[in-house]
Amino acid sequence: MSNRVVDVNSKKTGTSWKKKLMKIVIWSLAMLSFIAGLVLLGLVAAATISGSKNLPTAEYKWAGCENLGKCQIDGFSTPPLVILSFDGFAKEYLERRIVKSLELIAECGVKADRVYPSFPSKTFPNHYTMVTGLYPESHGITDNYVFDPNLYPELLAMRKHEAKEFYQAEPIWSAYKRLTGNRVHCLFWVGCYYNITGYMPDVSPDYNQELPLKERIDTLIGWLKLPETERPALITAYLHEPDQAGHMQKNVNQELEEVNNYIDILMKALHDENLLECVNLVIVSDHGMQALNNSIEVETIVNMDGLVLSKGVVARIHLNETDRSIDEVAGEIRCKIDGVKVNTINDIPLRKHYSKSKRVGDIIIEGKPGTSFYKSETNLGDHGYDYHNENMHTVMFARGPSFLQNVTVPSFQNVQYMNLWLYLLGLEGTVDNNGTIGFFDSILKNPPIRENKWDSMEECLNFGSAEVLQCDKAEGHDLKKLSLHLENCKEHQNLPIYSKNNCFQSYCENSLIIHKNRQDVRKGVIESLTFSFSRNQSVFENSFSFVNTKYSIECPKLDTKDNFFTAGSEAISKLANAQYKFPSSFMKSELISSLLSLKDETIKFVDIWVPLSIKTDEYLKHYGKLFVLSGLAVDRNLDGIADDEESKEPTHFYRILITCTGNWLSTNPPLCKKYSDTKALAFVFPILNKKTTMDCMDSDAILLDYTSTIEDVENIASFQFQIGALSHQQNVYLRRNITTSLW
């Protein structure tokens, strides 16, 4: 019995063991299949990310500058222009030293110190800016998602909709076709399919992100090898990396290697086909990339009834079907979250050029770098931030017969590109844009000879001798001495500004810029300030206002004597016509006298005038001398351009500061012994009597946010700024210099 039991158990044990073994085998095979599947998916994903099929490692056989500019093929008397964009190539990527191909291009060509995207730093707006030279507010593509109820009742994703009416400007391919009739080809560039000008590229295949990079190269080379009558004179091409890797914050270095390999293959193909020295190649990008670390959902803070919300690292709110005002809605989130700025189109800084079009929205919400106004499990990096964020900065490299060798162009904003394209295609000056003609002259082999404009501003009509007419009573001043000074001082005929609408009044070291229509409030003051320890540090204490009887025999009628917009503190600076009664939210004049003597670190202001006055005074102490231009401007339609109509109420206040870090040659006009010693800083502030996001910003943050270029000031104040002793190129760089930090 026991033996039978043993036999039975032995059979069961054997059967059980075989079943277990079979399960192990099946499980193992299943696991192997699963792992193989994961590997395959990984390979497919990698191929999808890069869009390439095992590109060979870069060899750089094309490198070297021995034959630079020596095209050996007939039919290339005018070099074709190839513009190649790598989406999301941050300037920071260059520091990783992975994309050696770009370094080699720069050795034989040119590069930019850095390129600032336009605001917001998104793909669609900036790609269209690069080919139109217009800010997004002007060309219509104000974001990757656009809301325009006149065209469509919902928020539209530009990448999904054939909405040609959204593309309002003329891109370079359209201008070239219209003006020359020659051929243009486009490979996936934003707007190639939808612009409404009527002049489309001759060849523009449908967007296909899966098209392998090798095939894209073959396409470009094939186009360049066409017979001269069929060959495009302009090619624009777009590649979606390294942007996708940047968004995922994974395999960025691997993707940069792919980009490097791609450029190497392209350059080798150009070299092998003897095209390298016959083509002007410009490599650009639209923006950088920022790692995300914070998410805020606007819907949980703001009542969204009747509103349209566009999400992103910049959130935009459109008032659509609501009776609430812009200020009411903005007030629901303004100053409620640390580090979040809530602007309306009325108070957003002019330098962002984001108020002209209704498509920008009514309220623009920005957070600190790393903050997004949406939730995503996969998006670990993004862009769209203010170009003051250095992670948004990007690159430009160029090589070809028209470019100098091993030259760096100073930092610039991407609105400048259009004038470069027009010059390289022989069409300079034919299309208006937001760039400045001549900005890129320093990188070109044969730039045009450009001269400064020598227009001079007229002196205002005068009535006789220069004497002081005191406009408010003050004791202890020697009016005769001041009158003698006005009568005998040298007049400044060589002022650094010109305007056909204005004239100047000479006040010795200073000049008053007056609108020829005396009823118009627009005016400015030029001051040459020198610091001395005996200088009265209070702007208004013991000073008095006056006019020069050479230009006026009566004082202006104002309700206050305190609201001067001059920077100096001496009596000579208290020009009565440099008075304007600012709203209390702009200037609390009764505080200035007692506060200017305090140390900056002990004060935190939310008004504009006080921190600006303190900062100007601080700079004067530090540098010893300052050239200051301050004034009032009118721009009611918020397009950044001075209004033509007469106005008695200014909308903006501006100030330009210029100093020398070395020796001065002149203070008015401001001129340093060495141009490289010149420092310039400009501001444009809205004049508003309402709550703004400035109420919850510290003084330095306010000042930095409302910096601008000198050209921005020129446009809104309706004058031209130029220092005659500087070259045309130096004046352009000075006027278009972008400030990303205070002095």
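Backbone N, Cα and C atoms are what each Cβ position is placed from, and that goes for glycine too.
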Query: Since Swiss-Prot lists ASP243, HIS247 for Zn(2+) 2, which candidate among HIS127, HIS139, HIS353, HIS383 does it give for that site as well?
result: HIS383
Task: Write down the one residue from THR123, THR132, THR142, THR236 that Swiss-Prot lists together with ASP87, ASP286, HIS287 as binding Zn(2+) 1.
output: THR123
Task: Between THR123 (active site, nucleophile) and ILE641 (Ca(2+) binding site), find the distance joining the two CA atoms and give it rounded to the nearest Å.
output: 26
Query: What is the number of other Cβ atoms found within 10 Å of the Cβ of ILE641 (Ca(2+) binding site)?
result: 12
Message: With an 8 Å cut-off on Cβ distance to the ASP635, ASN637, ASP639, ILE641, ASP643 Cβ center, who else from the chain surrounds the Ca(2+) site?
response: VAL634, ARG636, LEU638, GLY640, ALA642, ILE716
Query: From the Cα of ASP87 (Zn(2+) 1 binding site) across to the Cα of ASP243 (Zn(2+) 2 binding site), what is the distance in angstrom?
result: 5
- prompt: Which residues does ASN195 (N-linked glycosylation site) neighbour through Cβ under 8 Å, counting only same-chain ones at least six apart?
  reply: LYS164, TYR167, ALA169, GLU170, PRO171, SER174
Message: So, three-state DSSP: helix, strand or coil for THR123 (active site, nucleophile)?
response: helix
